[in-house]
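As recorded in TrEMBL:
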| type | residues | note |
| --- | --- | --- |
| ACT_SITE | A:78 | active site, charge relay system |
| ACT_SITE | A:153 | active site, charge relay system |
| ACT_SITE | A:177 | active site, acyl-ester intermediate |
| DOMAIN | A:24-450 | domain 'Amidase' |
């Protein structure tokens, strides 16, 4: 095992026991990136010098006995988080030369926790997509099969973790953008409750949905990172005043008696192999004492319509600031996908259409929220496949404007309801591609979700299988 | 056609007003940058939020929201318990986010009114909160025509107050504007300094047939006027312009016009067809605001006595004329000063009316001259000027003649007896003379005997 393969927990232990240094660890990650990222293309920017500098600083602190939850641990960040003095592009040419003068709140928290940022990862431009194929800086490849897509929009983050280029990564999800690439790349991806983690400094996609979250090698790392990220932020008025929990606390708890709901509609459009692996996973959970029962939820297809309208409406407004006057390049650098969303969003908000589209979508959104509330009176959590298929081949998203909606169909209902969810690897297809299952629950149920995910992971060990690169 | 000509014409004016008032909160509406931008070095009061950088989010200023509600309450508005911010989407270089955070269909304040001096009720449709834009300057730099943007003003809190089309003349409009200016100053929420652009006025004007019930089918909005005088002129200009068109059988275009200061006329800016579709939708970055009755009650309680109420009280409590009370209540510091001076003068028998006259005529510097000093000066003045020496002598002599016993006591060495005489003189001259001076006169007269 090489240093870059460590989990956060393992890295923390190694650093604490002085078995390694942050400098060695960081160098190992940078070496790995140097060696394989030409194949994977997970990074838009690698900040080697800054990372080495941060690592040396971390080592000094460690030698002084300082203890911080991420002290000296090299991580990657999706390129839609503003990082002071480090280029932040959101994978769009429009921002190809944009160097933010400030850090996103998430970055501030990570820096305070001692993290070493090795680079900024590739994504779909403006987070519009589920493939990274809309990136203006090339497509990221899936580490399990470089002829396949990593998923997206946080595809670079998921690929960087899956290929052990870093110890962990931070992504963001609007509807599926953490869970789906985590599923396709065989890693753990947590989308927290909307408002649990600050959006301040994250290039806005759909403001009422965007949720930053960790992409990690293990469930425990996910809990560890959420402990750092969760909490109210005075710079983000939509963050919740609800006190964050210690998400590591309940991992070991027995899940006996936990009621898990499954909805047939979530399996309808799935590949047979995906369905099969998720069903096997449910059996594992039953063996651990969980009670699996049918629950009636709205067909995810309604969520697609609602999501398509609300997300594009917000996108059309959020992208208006990129006028090239104060920073960035001119607007003719926007590509097809962004333009399509701007046009659609502008249309649904236009006088005479607002009622018909945006307003109606908001009403249906409320109905979906209520539907989940009802369901969570009967079950504690819902489990289903994360994505209907395993990773699709390169090029699959081209010419398919609703590609994202199809790949994320199973993440969209819980996203528009603002619910938390996680992807955990639950097996492999015959051709060796990872399959993921998602566990989602009521608002602020992260602790329970992580508990069930951890128990599953510890009893299956899929997370220990690594891609051959 | 001015208002006078209108009186004889077959049309009458229908005027509504939109007024933007800039609040003087310490910080801007959605970030912690200083809101005090006037005369500051350009682009020094800026941050990621008010520059609209990627990822920046608005954090609403609670003080500004409370002040907006205070303005609403002062204008007799209802404060709905649910309110929200919306995005008003349009492109302009002075708008860094490509949208302005404003309020669309659920503003903080609705359904208010004010009463003008002629007894007319002007209905206030709404008062809502929004953010100011940056400031554009069109200049020549190195021989090239350029537009410069100063973002110091970007995000400064504004309250927009909208009336129903209840005004019929420029005079009514100006009276309302002065009252509004006075009110926000009383509340201490804005300097309402026209020169600094703290108040921006947008009248919409149309004409209807005299006595007609229906509103005209068009309206002309005149944008961003920054003085009461210009608003008066713009209205007069529009009444004439539209009247001429109507008399010729034409219907004025529904449009937005601007006031041209040099030409002293309004000029067309954009027509109805070119009107923006602002694509309003609820601002997802700010959760809706829910008020409890208690919270609104607290703001209501904190309101000072408002100009019109104070004016009425000054008239009834101090017996002042409408004119005097109006002048004294124009600005709250003057009104407060007056009341302190009246209180100080009371001990010396100085009348409120005398204090009022002195403040109105002499215009003392209320910052450097304390009210007590003003009263002392008044007493001194009264002795020399308020009542002539001749009269003083005459009254003193009368008192001496009317009180032989007291005079006798005094002459027999009971010097304290003179106090009795002083008291009687003061009573007779209604306290208009200074007691010290009266004593001198009496001593002289008694000594002369």
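Every residue, even glycine, has its Cβ placed from backbone N, Cα and C.
Note that TrEMBL annotation is computational and uncurated.
In this view, residue A:153 (active site, charge relay system) is surrounded by 36 other Cβ atoms within 10 Å of its Cβ, with every protein chain counted. In this structure, the CA atom of residue A:78 (active site, charge relay system) is 9 Å away from the CA atom of residue A:153 (active site, charge relay system). For residue A:177 (active site, acyl-ester intermediate), the same-chain residues lying six or more positions away in sequence with a CB closer than 8 A to its CB are A:127, A:130, A:152, A:153, A:154, A:171, A:408. Here the Cβ of residue A:78 (active site, charge relay system) has 33 other Cβ atoms within 10 Å, regardless of which shown protein chain they belong to. Secondary structure at residue A:78 (active site, charge relay system), taken from DSSP and collapsed to helix, strand or coil, is strand.
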